[in-house]
Amino acid sequence: MFHIEKKQNFQNKEGYFIIGVFQEGEKFGEWFSKLDDSFQNHLRELVKSGDISGKKKAVSVIHTFGWIGAKRLLFVGLGQRKKMTKEDLVESFGAAFQTVKKNRGDSLAIDLQSFITARVDPLTVAKLAAESFILSTYTFKGYKQKENKPDVEIEKFTVYYDGNEEEIKKALVTGYIYGRATNSARTLVNTPSNLLTADHLAKYAKMLADRYGFECEILEKEDMEKLGMGALLAVNQGSENPPKLIVLKYQGRKEWKNVIGLVGKGITFDTGGYSLKPRDGLVNMKTDMGGAAAVLGAMEIIGERKPEQNVVAVIPSTDNMISGKAFKPDDVITSMSGKTIEVLNTDAEGRLVLADGITYAKQHGADVLVDVATLTGGVIVALGSDKTGAITNDEALLEKIIDASKETGEMIWQLPLTEKDREKVRNSKIADLNNSPSREGHAIMGGAFIGEFAEDTPWVHLDIAGTSIVKSGYELGPAGATGVMVRTLATFVEEFSENNE
Ligand code: BES
Ligand code: ZN
Ligand code: ZN
C-alpha cells in the first residue's frame, strides 16, 4: 500500500495530494512557489484570501483541472508552526484522510516535508501519517443486509520525501502496525456479546498465538475449579456461557525473567447481575471487555515487532448474568489467592475477575503488573471521557506508563490510593475484603480492591471506562470503540525493554 517517492514533479497521478499548511506569517517556500507556477500563481491568492486555511484541522480541497497530475490538492491546516504538537498533527492528518474517505478517493499522496517542524521530525511525521491513516479511516462493518454505498478503499498511499527511504519505510510500517492493532481491538469491542462470548475471545487469542508464535493457554471452568478461582467463577455462575481464562506468553528474552504481566478485564456483557443495572445503563455493556481488547491489541503489536521483553497476558473472561444460579449480594467467595470476599454488589464484577487474573499472572512470573479495565462509572465522573484513570502502588512504574501515553497521546491521569482507601476495602465483618464499600470515590475503591491482589508486586491499574468508547465520530475514528491503551501498552512494553538491559 505504501510507496515512497523522492521527487514530486507534479505530474504523478493520484486522487488527492495532501499538503500541510501553517497559519499566518509564513513565506511561500521554493517548493510551494513551484507548485503555484503550475496554477499561474492562483494558489497564493487562495492562501491570502483564506480559501486555503492554515487553521488547525481546516481542510481545503481544490480541483486541479489537470494542471498537475493529481486530481485534487488537499490542504490541511496545522495551526502555528511553533506550537504544533504531535496530537495536533495527528488530528489534522485524521481530518485530511477522513475527507478523502468521505469523498471516496482511492489513492492519496502526502508531501511529508510540509508537515515537519523543529519539534516533530520526519520519521515521527511518517509514523503518525500511517497510523492516523489507518485509525481515521476505520469503520466497523456491522450487520446491515444492504450497505448503501459500495466500499471504496484507499489503496495507494504515496509519500514524497527526499530522505532515507529505508528509515521512512520503517516508520510507515510501524505506524501501520500500531494503527491496525488498535483497529483490531476496536472491532472486538464493537462486536455484540451474542457474537463475542468468552469462547470467541479465547479463539481470537489462539489465532494471534498461532500467527505470532505465542504460547497460549486457555483455562476451562474445570481448571478454574481446580485452581480455586472462586472470584472469576462466582461472576460466571449465572451464565449459560462457560468462562475462559486466556493466557498468552511472549518470550522475547533468553530467560523467563523480568516479565511484564498485562491483565485485561474480559466481561463480554455486564448486566450488573442481581445488582442489576438500570435499562439505560445496560446499553453498551458489550464493551465491558475493552481491557481485554487493549491487551490483545498490544499483543498483536508485540507479535509484529518482537521487542526484547517477556510478556504474559492474562484475560479473565465471562459475561455477568442473572439466573437461579447467579451469585448474589451477601455471598462470600474465596479467590484464587485465598483471600475471601464479601460480595456487596454483583455489579462490581470487574475487580473480582481481575483479582484471579492478577493472582494467576503473578504465579506465572509477572514481575510488574498492568491491569486494564472498564471498571467504574466513577472514573468518568472524575476525569471525563478523554482521560484514563490510573492507580498504582509504584510511582516509578506509573511514570513509565505515563511516558508511553505521552508518546501516543492517550491521556492518563492518576487517582490517589491512600491507606484509608485500602482499609475501606478490607472492611468486612465476615470476610477479608468487600467488593464495594460505597459509591464515594468508587473509582479509587475499585483500584484499592485490585491492589490487594497485586500485593507487593509493582502494579498499575488503568480504568478505561470513560475512554474505551466515544459517543460521536472524531478525527481518529467513528463513534464506538476507540481501542484505547493498545498503543500505550505496546509502547510501554517496547520502552521497558529498552531501559531494562
Ligand atoms: N462495567 C461497569 C463500569 C462501566 C460503567 C463501564 C459505565 C463503562 C461505562 C462496572 O462493572 C460497574 O458496573 N461498575 C460499577 C461499580 C460500582 C457497583 C461500585 C459502577 O461504576 O457503577
Ligand atoms: Zn458491573
Ligand atoms: Zn463491568
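The count begins at 1 with the first shown residue.
Every residue, even glycine, has its Cβ placed from backbone N, Cα and C.
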**OP:** Pick the one from ASP288, ASP331, ASP367 that TrEMBL also lists for the Mn(2+) 2 site with LYS265, ASP270, GLU349.
**Re:** ASP288
Original post:
Given the recorded Mn(2+) 1 site (ASP270, ASP347, GLU349), which additional residues of the same chain have their Cβ within 8 Å of the Cβ centre, ordered by sequence?
Top reply: VAL235, ILE267, THR271, GLY272, GLY273, SER275, LYS277, ASP288, ASN320, THR346, ALA348, GLY350
Subject >> Listed recorded positions among LYS277, ASP347, ARG351 whose Cα sits within 10 Å of ASP270 (Mn(2+) 2 binding site) >> reply: LYS277, ASP347
Original post:
Which of these recorded positions (LYS265, ASP270, LYS277, ASP288, ASP347) have a C-beta closer than 6 Å to some atom of ligand 1?
Top reply: ASP270, ASP288, ASP347
Original post:
recorded positions LYS265, GLU349, ARG351: which have a Cα within 10 Å of LYS277 (active site)?
Top reply: none
**OP:** Scan LYS277, ASP288, ARG351 for recorded positions whose C-beta lands under 6 Å from an atom of ligand 2 and note them, or write none.
**Re:** none
